[in-house]
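Below is one structure, written out as structure tokens; comments come after it.
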Amino acid sequence: MNRKHLANAIRALSMDGVQQANSGHPGAPMGMADIAEVLWRSHLNHNPANPEWADRDRFILSNGHGSMLIYSLLHLSGYELSIDDLKNFRQLHSKTPGHPEYGYAPGVETTTGPLGQGITNAVGMAMAEKALAAQFNKEGHDIVDHFTYTFMGDGCLMEGISHEACSLAGTLGLGKLIAFWDDNGISIDGEVEGWFSDDTPKRFEAYGWHVIPAVDGHDSDAINAAIEAAKADPRPTLICTKTIIGFGSPNKQGTHDCHGAPLGADEIKAAKAQLGWEHGAFEIPQEVYAEWDAKETGAAKEASWNEKFAAYEAAYPELAAEFTRRVNGDLPKEWEEKASAIIADLQANPANIASRKASQNALEAFGAMLPEFMGGSADLAPSNLTMWSGSKSLEANDFSGNYIHYGVREFGMTAIMNGIALHGGFVPYGATFLMFMEYARNAMRMAALMKVQNIQVYTHDSIGLGEDGPTHQPVEQIASLRLTPNMSTWRPCDQVESAVAWKLAIERKDGPSALIFSRQNLAQQERDAKQLANIAKGGYILKDCEGQPELILIATGSEVELAIEAAAQLTAEGKAVRVVSMPSTDAFDKQDEAYREAVLPSAVTKRIAIEAGIADFWYKYVGFGGKIIGMTTFGESAPADELFKMFGFTTENVVNTAKELLA
């Protein structure tokens, strides 16, 4: 059957889906349909019956607004995505949301839509493939051997994150990464030459990529030849495909009119006539389905891989078991027992150290049990303390390590980590100063939205970093992380809480964790076994009084020590004071009402929250009748001790505030 006719099935479904929803983006799917047909029918190794097959090729639609393209491909190829699902495009609770979302339609590898993040996720997936291959493949046993393909448009390339990711991809020689640039010259505002005149091929050549320029995106033979050349090259490849947006639409193709709006019934009729597509809305002939159906070939490809893995398992049984454990996302059998023993040992052996150092110690203790760790930092390893004795850096010619030097690329790092997590086989952690999570915020939000494991180490957590001043001193960042749905945020007060935070982040498979650590040393707190167990609940009674407290001090991180000192002084003056350490408000909020009431009795309304971050967040816990010792402005450049005094983080101020409240 004519390849163009098979590609027209994508065009027809895309036009019909957008028209039915009365919103969407038909232009990109219609423009990239020929490329998609060649890639999916002649090159992509996948099995519609098992979208989780470990050695499948990955396909990422970075220009996610063109979502009807991937939905059409999945439907036509035989995934569990029905024609009714396509008719429900952009409708409530459908499997076909406006932008592709991970966890809805089987075969969607990542959530895309915020431009540039899809190509960056793809870089992460390609890194994971190369690292897994280096760690597990043996001579004659290539059990990890797949490509990562991504489609991207002009918008992805305009976004700065594409520079961060593609630069690193070239440096690390990700030869299994193949990107298709949809060079159609059109964006929402019109012809892009007025705001995007880069020499994109030269840009990617400068990154160290293999660039295939000037490929006719509507010539199947040229597309096929480009893919073959890309697969044969040891470098990442950019295939520059010149396309016509809205291809087939006689009155709108090549213009921004078909970018982000339905074509309209009359134009769809005219387009189908021009394309020679003689079928009604959402009608696909059986002979077209037969040509597209990948179930039989996909099952055969996976069966062939299963035979390869069986041979590998016979030759390397321990490695095979470890590979299976890691791609399934399971922790080692001895994890719980050993990790809990490490935490108990820390409590029994006090140390007054910075929580960033406590974090490094936790990595040292836990890392030996977790070969799936894939660490990194945005050029701050000596400050974030993210390297441990078992860390080995990834290099272009040696990917057997477990540590990525991301360079100064916070946004790229975080979205790459999403790709690594989505690929499977690794537990990724990255790091920067808490202030610079602002560069990476949207990628962390995407991790929360997708419910993927992404552990971020954010150090230098307050005005406590001192002389670098307000450009580097976070104020509102902790609160913003706490306000992000499905984000788990921890700000520990000592080495014990730090280790607990790490343990829980490692165990959490349904979302990201932000671990927030100090630059300055923190005193270790005394705890009994019950208090030690209650750290995991996010908030617990660290110091109590006889009977009902008349005042509760709630603190996190470096301010817990301050609360303990103030409570001791107030207790000596006859006040009944309770101190609650609350390293994770989201973990505390998940506890049952009885536990929360036991820690923060509703009858005790005199409460003070103490945190060197934005004050307003804490009204949820202290009520309007309570007091908050926090930040209401940006910081200053000065030694940390002077800043804490200036902003009221002193025992004297806590005591005086308490007395005012109790008066």
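The backbone N, Cα and C atoms fix where each Cβ goes, glycine too.
Swiss-Prot annotations:
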BINDING   HIS25, HIS259, ARG356, SER383, HIS460, ASP468, ARG519  substrate binding site
SITE      HIS25  site 'Important for catalytic activity'
BINDING   HIS65, GLY113, PRO114, LEU115, GLY155, ASN184, HIS259, PHE436  thiamine diphosphate binding site
BINDING   ASP154, ASN184, ILE186  Mg(2+) binding site
SITE      HIS259  site 'Important for catalytic activity'
ACT_SITE  GLU410  active site, proton donor
Out of LEU115, ILE186, which of these binding-site residues shows the lowest number of other CB atoms within 10 Å of its CB?
LEU115
If you measure from the Cα of PRO114 (thiamine diphosphate binding site), which of the binding-site residues ASP154, ILE186, ARG356, SER383, ASP468 is the nearest?
ASP154
Taking every protein chain shown into account, which of the binding-site residues ASN184, SER383 has the largest tally of Cβ atoms within 10 Å of its Cβ?
ASN184
By Cα-Cα distance, the member of recorded positions LEU115, ASP154, ILE186, GLU410 nearest ARG519 (substrate binding site):
GLU410
Tell me the Cβ contacts of HIS65 (thiamine diphosphate binding site) under 8 Å, same chain only and six or more apart in sequence, or just say none.
GLY24, HIS25, ALA28, GLY98, HIS99, GLY113, GLY260
Listed recorded positions (ASP154, GLU410, ASP468), ranked by Cβ neighbours within 10 Å, top entry:
GLU410
Taking Cα atoms as reference points, which of the recorded positions LEU115, ASP154, ASN184, ILE186, GLU410 is nearest to HIS259 (substrate binding site)?
ILE186
Just to verify a number: CA distance, ASN184 (thiamine diphosphate binding site) to ASP154 (Mg(2+) binding site), in angstrom, no decimals.
8
Rounded Cα-Cα span from PHE436 (thiamine diphosphate binding site) to ASP468 (substrate binding site), Å
13
Excluding ASP154, ASN184, ILE186 themselves, the Mg(2+) site's Cβ centre has within 8 Å the residues GLY153, ASP182, ASP183, GLY185, SER187, VAL192, THR243, ILE245, HIS259
Filter the binding-site residues ASP154, ILE186, ARG356, SER383 down to those whose C-alpha lies within 10 angstroms of the C-alpha of PHE436 (thiamine diphosphate binding site); answer none if the list is empty.
none
Specify the secondary structure state of HIS25 (substrate binding site) as given by DSSP, simplified to three classes.
coil
